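What Swiss-Prot annotates here:
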DOMAIN    1-134  domain 'DAGKc'
BINDING   Asn9, Pro10, Thr11, Ala12, Gly13, Thr40, Gly69, Asp70, Gly71, Thr72, Met73, His74, Glu75  ATP binding site
BINDING   Asn229, Glu232, Thr234  Mg(2+) binding site
ACT_SITE  Glu289  active site, proton acceptor
Amino acid sequence: MSHWFFIINPTAGHRNGLRVWKSIQKELIKRKVEHRSFLTEHPGHAEVLARQISTIQEYKLKRLIVIGGDGTMHEVVNGLKDVDDIELSFVPAGAYNDFSRGFSIKKIDLIQEIKKVKRPLTRTFHLGSVNFLQDKSQILYFMNHIGIGFDAYVNKKAMEFPLRRVFLFLRLRFLVYPLSHLHASATFKPFTLACTTEDETREFHDVWFAVVSNHPFYGGGMKAAPLANPREKTFDIVIVENQPFLKKYWLLCLMAFGKHTKMDGVTMFKAKDITFYTKDKIPFHADGEIMGTTPFRLASSPSPLRIKT
């Protein structure tokens, strides 16, 4: 068995990442699998580690296993974006795990491979790339989705929450997001969004949020784009506009089951290349991580990423 490298986020999923790693490490030692492991110490560290690992005797680096949440995997693919011959594996240990849902990845897959109970399959899919129009040299990649508008605004408010450190110290992290959501609901203003695709430019008014999805799942399992397929080189775009306050929450309830697609004010279409423009700078996130503001362009990655499951 070839040399394996691990990047582990020990704090993912309320320290579930560390527990998962210890169980895997036990099997690796038992089966005498040659490996090296690296634990992240702060946000952004997984990207740095991935970039550093890719320079360590590249002939050895054929397999990289990531243990953590969607944010950890997001950092790693951005650290390895110039390396085409590496096979990635993912062991879900986070809170949302949309990536593992979208690709039917289970925690037990790697353990079964180590025990030689299961023979792994290698699948390919195309990442999405974000090009910032203000700085065309800056490019980032995403695996799951892009969110523009309200949900990104909530995430931003959660990061800026005035008493965030106090709540974390008191182990009241679970209250930060709901309180930020309430504040965002009272202060967020819908916006006008222009979308330019390969064929046309469309304009949407009174927009609450827009989602660009690489697979069906969003926000911890909601089926925002039920027909999205990560093996296609197209994105599924969902735009929600003209929603009264209460109806917006009913829409989110239906979205949990993928039943929102025919509601008034919901527009869905596919595109390979799309640029978003707004009059004001509207925040957006990639895979749940706040990345910047509009305008920006999305396209499919030129070469596919290989995932071993």
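Glycine residues also receive a Cβ, built from the backbone N, Cα and C atoms like all the rest.
Annotated features taken from Swiss-Prot, shown on the structure.
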residue: Asn9; record: ATP binding site; Cβ neighbours (10 Å): 29
residue: Thr11; record: ATP binding site; Cβ neighbours (10 Å): 20
residue: Gly13; record: ATP binding site; Cβ neighbours (10 Å): 18
residue: Gly69; record: ATP binding site; Cβ neighbours (10 Å): 26
residue: Gly71; record: ATP binding site; Cβ neighbours (10 Å): 21
residue: Glu75; record: ATP binding site; Cβ neighbours (10 Å): 26
residue: Asn229; record: Mg(2+) binding site; Cβ neighbours (10 Å): 15
residue: Glu232; record: Mg(2+) binding site; Cβ neighbours (10 Å): 16
residue: Thr234; record: Mg(2+) binding site; Cβ neighbours (10 Å): 16
residue: Glu289; record: active site, proton acceptor; Cβ neighbours (10 Å): 18
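Mapped onto three states, the DSSP output places Thr11 (ATP binding site) in coil. Among the recorded positions Asn229, Glu232, Glu289, the residue whose Cα lies closest in space to that of Met73 (ATP binding site) is Glu289. Within 10 Å of Gly71 (ATP binding site), counting C-alpha to C-alpha distances, fall the following of the recorded positions Asn229, Glu232, Thr234, Glu289: Glu289. If you take the Cα of Thr234 (Mg(2+) binding site) and the Cα of Glu75 (ATP binding site), they are about 22 angstrom apart, rounded to a whole number. One way to see the shell of the Mg(2+) site is to take the Cβ centroid of Asn229, Glu232, Thr234; the remaining same-chain residues with a Cβ within 8 Å of it are Ala228, Pro230, Arg231, Lys233, Phe235, Asp236, Lys270.
Across the domain 'DAGKc' (1-134), mean pLDDT in this model comes to 87. Glu75 (ATP binding site) is 22 Å away from Glu232 (Mg(2+) binding site) when you measure Cα to Cα.
Cα of Thr11 (ATP binding site) to Cα of the residue listed as 'active site, proton acceptor': a span of 16 Å. Among the binding-site residues Asn9, Gly69, Asn229, no residue is found with its Cα located within 10 Å of the Cα of the residue listed as 'active site, proton acceptor'. When the alpha carbons of Gly69 (ATP binding site) and Asn229 (Mg(2+) binding site) are compared, the span between them is 21 angstrom. Neighbours of Met73 (ATP binding site), defined as other CB atoms within 10 A of its CB across all chains, total 28. Residue pair Asn9 (ATP binding site) / Asn229 (Mg(2+) binding site) shows a Cα separation of 28 Å.
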